[in-house]
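A.B. asks: Dumping what TrEMBL says about this protein:
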- 50-444: domain 'Amino acid transporter transmembrane' (DOMAIN)
- 1-29: region 'Disordered' (REGION)
- 56-76: transmembrane segment (TRANSMEM)
- 82-102: transmembrane segment (TRANSMEM)
- 130-154: transmembrane segment (TRANSMEM)
- 160-180: transmembrane segment (TRANSMEM)
- 192-218: transmembrane segment (TRANSMEM)
- 238-259: transmembrane segment (TRANSMEM)
- 271-294: transmembrane segment (TRANSMEM)
- 314-337: transmembrane segment (TRANSMEM)
- 357-380: transmembrane segment (TRANSMEM)
- 386-407: transmembrane segment (TRANSMEM)
- 419-444: transmembrane segment (TRANSMEM)
Amino acid sequence: MTAPTGSSTDKEKTLTPESGSRQSKDGLSGENVVGEVSELERQGNAHFHRLGWKRLTVVLIVEAIALGALSIPSAFATLGMVAGVILTVVLGFVAIYTSYVVGQVKLAFPHVSHYADAGRLIMGQFGYELVGAMFALQLVFLVGSHCLTGTIAFQNITDSGTCSVVFGVVSAVILLLLAVPPSFAEVAILGYIDFVSIVVAILITMVATGVVSSQASGGLAAVNWSAWPKEGVTFSEAFVAVTNIVFAYSFAVCQFSFMDEMHTPEDFVKSIWALGLIEIGIYTLTGALIYAFVGQGVESPALLSAGTLVSKVAFGVALPVIFISGSINGTVVARYIHGRIYKDSVIRYINTKMGWVTWLALLTLVTIIAFVIAEAIPFFSDLLSVMSALFISGFTFYFPAIMWFKLIKKGKWNSRENLLLSIVNAVVFIIGMVTLVAGTYAAIADIKRQYAEGSIRAPFTCSPL
């Protein structure tokens, strides 16, 4: 995180309540206290600026390629193979472009540490508070979705009658513990385990579903997949599927936070291209192959479609990605809130006793709220759809488009050098607004339908998920 712009007098005042006066308990003079604070500032800045582009790519992979991959096959089942592939590829390249815009804003305005700071640039204090609230809510919802997935995984692996709420508590505790390291450079080390985890889990699911289908009567040719949307699909079902694909490309939400720890921010372009192409490849293959192997009966998350025994193995392998990816979202939101509370104090660096106490307390509160969300909305696809419609529509689409027009564009929008990009960003803005309005409606309608049909369990109950 960036150092404060306050003077040494401000820093001195920050420590005065703890010392009681300009003379510390150890007999240090005010000047020595200020020197101590300056050293903490230096250590904090050094600790939080260690990311290179390769580690950034790993951290982005940790944050991005997780639950999104698990929702893609069921989206293909709703939309059909043709629309599923087209949307997965096109939205992937749109996400790469909007992430490039986000990176350009960070380079042009180095003090932007979080998406909320970018909101201030485009809409003043109102934008700062609005985008900050959206940023925090999105990340808390993400932690909640991983808590829900962890609950599903434990129920599937153990096949026991243990109350689902108990597994939810266990998942929340694991997410809390993994989120404790405050630096993303430290989390990046776990990223390699995370990436191997999701890739192996997906491969197990692909191979298992392919083997089962090929050995069934009629073989792969008998699988009831279609190139076109499923028969009788409603608008809400179709748009929930679309927003599940949108959810898979949500990495821009944390990009400002991650880039703020880079020692060479200009290298971000390598990271977003590497991540974007990896995502497009994994999502397209995952969606197309698992849907082709399973057909209309594919479940969400996709690991449930691998059969009883193999799904247990797949979920076991996927546990690292469920909890590591989930925990990094908790780290990001806690860093944002902690940084706002202690923006003029060395406490924000979490390298003092008070810093660690407040950090752990805040992480605990975030995790508790995430657990409540996971229990209140206990259905995987619709929870992802709600997040996509309310938050990712902005962070991935319409906010970057607005930032290009207000912060990046030089000259008139219809000038020769700007016309093409003006059209591109206008289209991206429209995609975001359609996702916001239609996606919210579709998610609410689908949740109401499932409750009316009794196809999902009530919140905070011990029923199976």
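Indices start at 1 and increase along the chain as displayed.
Glycine too: its Cβ is placed from the backbone N, Cα and C atoms.
Could you give the neighbours, burial and distances for every feature on this list?
C.D. replies: Counting residues 6+ beyond its ends, the transmembrane segment (130-154) has Cβ neighbours under 8 Å at 66-67, 70, 114-116, 118-120, 123, 164, 167-168, 170-172, 174-175, 250, 253-254, 301, 303-304, 315-316, 318-319, 322-323, 325-327, 329-330, 332-333, 336-337, 340, 366-367, 369-374, 377-378, 380, 383-384, 386-387, 390-392, 394-395, 399, 465 in the same chain.
Outside the transmembrane segment (160-180) by six or more residues, the chain places 143, 146-151, 154, 190, 322-324, 326-328, 330-331, 334, 359-360, 363-364, 367-368, 370-371, 374-375, 378, 457, 460-465 with a CB less than 8 A from a CB of the stretch.
Beyond its flanks by at least six residues, the transmembrane segment (192-218) meets 58, 61-62, 65-66, 69, 282, 285-286, 289-290, 293-294, 302-303, 305-307, 310-311, 313-315, 317-321, 324-325 of its own chain at Cβ-Cβ distances under 8 Å.
Below 8 angstroms of C-beta separation, residues 53-54, 56-57, 60-61, 64-65, 68-69, 72-73, 75-77, 81, 84-85, 88-89, 92-93, 95-96, 99-100, 103, 199, 202, 205-206, 209-210, 212-213, 220, 223, 225, 245, 248-249, 251, 255, 302, 305 of the same chain, each at least six residues beyond the ends of the transmembrane segment (271-294), sit close to that stretch.
Away from its own ends, the transmembrane segment (386-407) comes close to residues 94-95, 98-99, 101-102, 105, 108-109, 115, 118-119, 121-122, 131, 134-135, 137-138, 141-142, 145, 243-244, 246-247, 249-250, 252-253, 377, 413, 421-422, 425-426, 428-429, 431-433, 435-436, 438-440, 442-443, 447 of its chain (Cβ-Cβ under 8 Å, at least six residues beyond either end).
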A.B. asks: At a C-beta cut-off of under 8 Å, are there same-chain residues at least 6 beyond the transmembrane segment (314-337) that contact it? List them, or none.
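C.D. replies: Result: 1, 59, 62-63, 65-67, 70, 114, 116, 132, 135-136, 139-140, 142-143, 145-147, 149-150, 152-153, 156-157, 171, 174-179, 181-182, 184, 187, 190-191, 193-195, 197-198, 200-201, 204-205, 208, 254, 257, 303, 306, 359, 362-363, 366-367, 370.
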A.B. asks: Please check if the transmembrane segment (238-259) comes into contact with the transmembrane segment (357-380), where contact means 3 or more CB pairs closer than 8 Å and the residues in each pair are separated by 6 or more positions.
C.D. replies: no
A.B. asks: At a C-beta cut-off of under 8 Å, are there same-chain residues at least 6 beyond the transmembrane segment (357-380) that contact it? List them, or none.
C.D. replies: 67, 70-71, 140-141, 143-149, 151-152, 164-165, 168-169, 171-173, 175-176, 179-180, 182, 300-301, 330-331, 333-334, 337-338, 341-342, 347, 350, 386, 447, 450, 456-457, 459-460, 465
